[in-house]
Each structure stands twice: as structure tokens, then as C-alpha cells.
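Novice: Once you've had a glance at the structure underneath, I'll fire off some questions.
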Amino acid sequence: MDPEFGVNRTSVTEFILLGLVETEQLQSVVFVVFLFAYLVTVGGNLSILAAILVEPKLHTPMYFFLGNLSVLDVGCITVTVPSMLARLLSHKRTIPYGACLTQLFFFHLLAGMDCFLLTVMAYDRFLAICQPLTYNTRMSQTVQKILVAMSWALGFTNALNHTIALNTLNFCGPNAVNHFYCDLPQLFRLSCSSTQLNELLLFVAAAFMAVTPLVLITVSYAHVAAAVLQIRSVEGRKKAFSTCGSHLTVVCLFYGTGIFNYMRLGSEESSDKDKGVGVFNTVINPMLNPLIYSLRNPDVQGALWRVLVGRQSLT
């Protein structure tokens, strides 16, 4: 093999996604479970979004960002699960090369957005608890929109860089991806050209997209914890920790699985663990987020109840 410099001579026109299980009986079980999870996730997140839109009490920066997070959760599971369900129904496991790159682009776009949006939400809690007198000014509607737009721009840039870099690799065969969606680590293993630059790009992007936001979130909550501990009222401390606890839980789930997945590049271990992490990233996390944010939040619970039963807001 002697590829010309700068020319992508990929001979692979499609990939074979091996999926989660091999036996037909288990595939039927997987189809039912994932279809149920998809409907629950979409329904739960859209219910949260509807509650935020119709309930005036929830027209605050914290819930504005939560609404955006719900949109991302719906997008994240929609990028991966419906196509997997379609392959299970048709018993066709192939995915065209272009469709694979498209799936990878949108997955990393939404995952990148998640990183920055979770950071923005931590910054919002920092301002609300540590600097309440200037909160309304420093977290105006204009600032909220700018922060969300920046998150979209950074996520788009990250996804585009990875997609373009991957498109420069040569894939000459084999083309079997031991996963249920297209992602970078699994595709790197199939390339017949060097992936060192791609892995370096992924490492640098991980440092910028994961480590930096995680440090900022940690610093924000360190200040929040110090401020909350100074509150004399036990009820006040409990309320402050309650508003932050849901966000911290989501951060731990999101970053814990993400770091495990992308910090093991070059490992020759079986992809079974990667599949488990992929299920957590694309299915379980988006499904749990509405439950986490509504479980201990009476305002969200009340708004959800009014949306579901069709009653008017009590405010």
C-alpha cells in the first residue's frame, strides 16, 4: 500500500456495526428495551422542556439552561438509537461510510455541547449563590443566549475537526465495527494508515472539552460550598445544596463515563466495555437526567403535573 500524500484512498464504502448482541433472541430483547428507553427519554425530556416553557416560575436562567440540556439529551439518543433499532428490524447491520461520518459528527457535536453547557450551569449556580446582588445583571437574557451560542460554536468546531481528520484516514478493510454506533476509538482500530495525529487531536480536544470544563466546574462548586456553609439557616443550606446536587450528579455521570471511554486509546481490550460505556452515554444518561432534575425539585414537579393534567399555572 502506497497512498499518495494528502489523498484519501479509502476503499471501504460501508461499515458493519456488530451491535450489542449476536443471537436473534437477544436482539429481540434489545430492540424492546431500547425502544422503551428511547420513548421514555424523549417523553421525559420533552415534558421537562414543556414544563419550563409553560410555567412562569421556571422562566429563570437555571431552567433556561436545563431546557437546552433536555434538547441535547433528545438529540444525543436520537443520533444513535433509532438507526440501531432500524438495523435490528431489517437485520441489516451495514452503514454507509458517509452516514457513519455524519453520525459521528452529530454525536460529538452534542457531546461537546453537553461539556460546555454543564460548565455554564455550574457558573450560573456560582453567580446565584456567591454573588446574588449582581446575578440578574450578570446573567441577563442576552448573556444566557451568548453562553448557549458559544457552547454550540465550540461543540460544532470540535465535531467538525474530528470528522475532517477522520476523513483523511484510509480504510482498506476489515470494516466490522464492534459497536452499535460509529465512534472514533473503534474506527481508529480499522484504519490502515497511521492514526497518531488523530489520537493526538482527540487527546488535545479531550483536554479542552473535558478537563478544562471539569476544572471550572470544580472551582465554581468549591466557592458555592464555601458560601453555602456560611448560611446560618439549616433550611437555607438544604435548599442551596438541593439546587446544586442534581447538577453535580449529572456532571459525575457524564464525565465519569466519557473519561473512561476516551482515555483508553490504543488499548487492545475487547470492545464489550466500550459498548457498555456507549449505552451509558447515549441512553442511560439522557434517560436519567429528567428524573434527576425533577426528583427533588418541587417547582419542576408541580409544573410537570400541570402540563400532564392540563391545568393552568397557579402563579
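Cβ coordinates come from backbone N, Cα and C, glycine included.
Not my notes, these are from TrEMBL:
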- 44-293: domain 'G-protein coupled receptors family 1 profile' (DOMAIN)
- 29-54: transmembrane segment (TRANSMEM)
- 63-85: transmembrane segment (TRANSMEM)
- 105-123: transmembrane segment (TRANSMEM)
- 143-160: transmembrane segment (TRANSMEM)
- 200-229: transmembrane segment (TRANSMEM)
- 241-263: transmembrane segment (TRANSMEM)
Novice: At a threshold of under 8 Å on Cβ distances, which of 29-54, 63-85, 143-160, 200-229 pairs most often with the transmembrane segment (105-123)?
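Specialist: Ranked by Cβ pairs under 8 Å, first place goes to 143-160.
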Novice: Could you tell me the mean pLDDT over the domain 'G-protein coupled receptors family 1 profile' (44-293), as a whole number?
Specialist: 87
